[in-house]
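The domain 'FAD-binding FR-type' annotation in TrEMBL covers B:5-105. As annotated by TrEMBL, [2Fe-2S] cluster binding site applies to B:Cys241, B:Cys246, B:Cys249, B:Cys257.
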Amino acid sequence: MSIVTTEQGFLARAGLDRLIDALRARDYAVIGPRVRDGAIVYGSIGAAADLPTGVRDAQSPGRYALEPSPLARQFAWANGPQALKPLVFRPRERLWASWRTPTGELHFGAAAEAIEPTAVIGVRACDLAALELQDRHFLREPFPDPAYRARRDALFLVAVHCTHPADTCFCASTGDGPEAESGFDLALHEIDDGFIVAAGSDVGAAVLAGLDLPAADQARMDAARAGVAAAAAAQSRALPSQDLRATLLERLESPHWDAVAERCLSCGNCTAVCPTCFCHAEFDEPASDGIVSEHYRQWDSCFTAGHSYLHGIVIRAETRARYRQWLTHKLAHWHDQYGRSGCVGCGRCISWCPVGIDLTAEVVALAGEGKA
Amino acid sequence: MTLHELPAPAEIVERTEESASIFTLHLRFVDPARQAAFRSSPGQFNMLGMHGVGEVPISISSDPDETGLIGHTIRAVGRVTHALATLRPGDRVGLRGPYGRGWPLQEAEGGDVVLVTGGLGCAPVVSVIDYIMRRRARFGRLVIIQGVKHAEDLIWRQRYEAWACAPDTQVWLAADVGGPHWAWDVGPVTVLLDHAEFDHSKAHALMCGPEPMMKAVAERLLADGMPPERVWLSMERNMHCAVGHCGHCQLGPLFVCRDGPVFPYPVLAPWLRHRSL
């Protein structure tokens, strides 16, 4: 464990508003964790008082709940259902519009949405790793996605190293947390009396310099290191390997896929909360005037019948095949396509599965079945 | 938005009725500059958009050297293709493309070329036939094998008859179910491989059709001594984006729209072995 950059300073807890004000002074819209509808999700942050103090999450397979916490910390919780994904890859987004003139001419216009520079406070290491994976997908040549690119470039990311993992977390086993190592502009270690702030980019360093903070002393640095070390040690779940490609592809016909299918509802919750899932559908929505039609993309899931529809047939008609598709893509073919596993250990698919299917347990069970 | 992502209007210049449910739209971009800039190679596809209905991936069936019109042969099976079936000359669609990797025609030069297609799989291959006919001296024997379910499903009968008369060209047709005017074989396309004459060691086989058909033909060709890397399959999936982003065309480690739709057999073989992948 190490503080990543050499530039660091100590920000007392009462001074957190200075950071928020500094970001706003640079014309960023500031968003961060907020309690809404019984979960911690991203929302607009006006002041540090908006952050979720005095609550923490209780997560287990199929369960997420917020409970009171005696800790006077703002970030003493593990991730809620949202990752950074909706900020860059919108759940629903207009790509273009077409309109027909009375003489039958057809015209196309690209969607032009103003994109606001946005600072996100409280980003976790797993979600930074997931964002980096989404970058590899959406920004890949020769067709980098312009809407994704514009939103991605508008982000200023303030990471907070995780000190309170959930029962469902396993980022230590995937190598993606609990400490954020890269991909942020600023990173905060939360300790009892405040934050150790470090910069991870030039613009982050400029913001940090503007705060004019005293350097953190050794005792605080030690407390920060102890916090993330304890968070790694507290994780009870793990994937058996960071490269499960061979393990899974040797078991494409395992009877265990049927065993999962007996529990899986094929609802797609896991793909909606997964920070790396990128599948989306494209479709047209005609206006009732018959003149304008809008072309949208919207998050899709490999658990739907429509996902594998092909001129009249559904290739993956059975839940067994859909769960196999999801797990083997995430943990096996992501290595072929993007050079690493598609799982960052955030555990959301476990908490938000309505029947509590645990991906780590299913992998262990599959591996134990032997090759098939 | 880049040029590749925003469709451009294209006009239907001609429409050909191929069978009761199959038709060909011959398109031209409304913008002459866009039309002039359009280049495709046999085996690539375009995204065709019906205003207010949606887009579908359709392979390009026209001769790539004929820059005048872009041909798409379509079977009306789904929501969008049924809508496209209502279009007439003068109507307009949205067009973007071309996308994907086509047939390995440069690699195939100097040897025999065996085309095995099933059903409407003949559409992306007809541009290969045109391509080879225009450069006839560069290729050896041309074997055209086409299978259909029912005799009445055969389209382009006159073209097959004309190709059969071309030098060094064999045409073999089969229907699973024959009919009163069916003068060719009855049975699966693999029976036609018994008739075809070509040099397995120097030939390339290019296939397009239902996956079980292509798998059966590939296994037969390999058993007859054709090197697997010379066997090429054009795969079909329901691409939504055509640029490797939407995930609908994923097959194992591949995105069919971006990495294909044409693949050498060894790349596909591990994934064709499993049902519902």
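These residue numbers are counts, starting from 1, taken along the chain as shown.
Backbone N, Cα and C atoms are what each Cβ position is placed from, and that goes for glycine too.
Those same-chain residues not listed among B:Cys241, B:Cys246, B:Cys249, B:Cys257 yet with C-beta within 8 angstroms of the centroid of the [2Fe-2S] cluster site C-beta atoms are B:Arg237, B:Met239, B:His240, B:Ala242, B:Val243, B:Gly244, B:His245, B:Gly247, B:His248, B:Phe255, B:Val256, B:Arg258.
Counting only same-chain residues six or more apart in sequence, the Cβ atoms lying under 8 angstroms from the Cβ of B:Cys249 ([2Fe-2S] cluster binding site) belong to B:Arg237, B:Asn238, B:Met239, B:Phe255, B:Val256, B:Cys257.
In sequence order, the binding-site residues near chain A (CB to CB under 8 A) are B:Cys241, B:Cys246, out of B:Cys241, B:Cys246, B:Cys249, B:Cys257. Confidence annotation: the domain 'FAD-binding FR-type' (B:5-105) carries a mean pLDDT of 93 in the model. Remark: of the binding-site residues B:Cys241, B:Cys246, B:Cys257, the most isolated position is B:Cys246 (fewest other Cβ atoms within 10 Å of its Cβ).
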